[in-house]
Amino acid sequence: MSRNTKLIVVVRDPVTRAISDYTQTLSKKPDIPSFESLTFKNRTTGLIDTSWSAIQIGIYAKHLDNWLQYFPMEQILFVSGERLISDPAGELGRVQDFLGLKRIITDKHFYFNQTKGFPCLKKAEGSSKPHCLGKTKGRTHPNIDPEVVQRLRDFYRPFNMKFYQMTGRFFGWDD
């Protein structure tokens, strides 16, 4: 791989990401254990099971530590998954700038699909029809015990703070 390779990494709130990961798996395997039981090694002590991939993936600082062994930070762009939804043109503007491309993607290229809860392209390249993410995206998440969500927020907070420090960007996941 070229040492000049640029990496574009989309990140989102690790708690929401873990729940989304679980929702995706649940749609394929409806008989899996509950999110809560997979989250904890021991629910009473609140010990999070970091061996579960849905939890592990959201420890972004750990992954970035590994990537920085091979790529300088200037070659990595972190895209906010939340901003891709709230301001797709703005976030894609950052991508275009990072790649040294002229900014051609603007707000006029998107519409908000109420059913999906996501912005969609008004017209896909080479097509006259709008294009939205596939049916595996935008699924309704199961209700998760708020205490479990809070414990996960507490678990991820130090990793998120380290990630914000490493990237120089505050993603606001701990609000």
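Placed from the backbone N, Cα and C atoms, the Cβ positions cover glycine too.
Listed in TrEMBL for this protein:
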DOMAIN    2-157  domain 'Sulfotransferase'
BINDING   Arg12, Ser20, Lys137, Gly138, Arg139, Thr140, His141  3'-phosphoadenylyl sulfate binding site
DISULFID  Cys120-Cys132  disulfide bond
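Counting Cβ atoms from all protein chains shown, Thr140 (3'-phosphoadenylyl sulfate binding site) has 7 others lying within 10 Å of its own Cβ.
Rounded to a whole value, the Cα-Cα separation of Arg12 (3'-phosphoadenylyl sulfate binding site) and Cys120 (disulfide bond) is 18 Å. The two recorded residues, Cys132 (disulfide bond) and His141 (3'-phosphoadenylyl sulfate binding site), show a Cα separation of 19 Å.
Counting in whole angstrom, Thr140 (3'-phosphoadenylyl sulfate binding site) lies 18 from Cys120 (disulfide bond) by their C-alpha atoms.
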